[in-house]
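Q: Would you mind keeping the following structure in view while I ask a few things?
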Amino acid sequence: MNDEPVPAPVWNYLMDMDGVLVHEEHLIPGADAFLSELRENGTPFMVLTNNSIRTPRDLRARLLRTGLDIPEKSIWTSALATATFLANQRPGGSAYVVGESGLTTALHDIGYVLTDNDPDYVVLGETRTYSFEAITTAIRLVERGARFIATNPDPTGPSREGSLPATGAVAALITRATGREPYFVGKPNALMMRSALRAIGAHSEHTLMIGDRMDTDIVCGLEAGLQTLLVLTGISTRESVEMFPYRPTRVIESVAELVGRTANPF
């Protein structure tokens, strides 16, 4: 009989960006120390965001301005998840894209042709320059048989002036006009978690998902088989957790609570 102790698991970390590491353009206290500890220990991690506007390089530059040094390879966007999905579904395909450089770059990188001439897909992402012409083209292409994909279902995004219409809101407009529902790739689709896990070579049973939203981050982590940590530095409160039929593994005030405990977060 072997009485040797079973070694503790080595945890991998997936985490949301906004509400966990930063809030708008400001560092959340303790996020820098938390990430520094992960790097020093060689802990695999990936920062996830449903934002499809920016490329990982752009997001890295944004995070650097807040004081966070995160390499491009450790940033996983809904645009990258969408591109990975399409590369597996229909390699070398074509798409009509309503979105910004984060999405178009990701699709170019997998060899997709971007066209409005009989594309395989209409791919909708977030943009600050939605136009009547682009949405009309998307509607007509979907009516003609193009498959409808959207990066994420978020109906609104934040700004200092208030809410902004986001991908989910525009997707609803196209759905109302065509009767066709999109396939959403980003959170809360567990597909985004699984693609991020593959990107860092991690397994779900030894991975944590840290997020600030029960309806996207936490449910997505649960459905992908991950342990989940809800932080209260974003939109959730301890009271709001009780509204949901599922619970995170732990609720913590912020990632600052994990400093010194990343190897054994429970």
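Any Cβ shown, glycine's included, is placed from N, Cα and C.
When I checked TrEMBL for this same protein, it listed these features:
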type	residues	note
ACT_SITE	D16	active site, nucleophile
ACT_SITE	D18	active site, proton donor
BINDING	D16, D18, D212	Mg(2+) binding site
BINDING	K187	substrate binding site
Q: Take the C-alpha atoms of D18 (active site, proton donor) and D212 (Mg(2+) binding site) and report the distance between them in angstrom, rounded.
A: 8
Q: D16, D18, D212: which of these recorded positions has the sparsest Cβ neighbourhood within 10 Å?
A: D18
Q: Give me the long-range Cβ neighbours of the residue listed as 'substrate binding site': same chain, 6+ apart, Cβ under 8 Å, in sequence order.
A: L48, N50, S78, N152, M193, T216, D217, C220
Q: Cα-Cα, whole number of Å: the residue listed as 'active site, nucleophile' versus D212 (Mg(2+) binding site)?
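A: Pair distance, Cα basis, whole Å: 7 Å.
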Q: Look up the residue listed as 'substrate binding site' in the DSSP assignment and report helix, strand or coil.
A: coil
Q: Return one of helix, strand or coil for D212 (Mg(2+) binding site), based on DSSP.
A: coil
Q: Give the sequence-ordered set of same-chain residues, not counting D16, D18, D212, with Cβ within 8 Å of the centre of the Cβ atoms defining the Mg(2+) site.
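A: Going along the sequence, the neighbours appear as M15, M17, G19, V20, L21, T49, G211, R213, D217, V231, G234.
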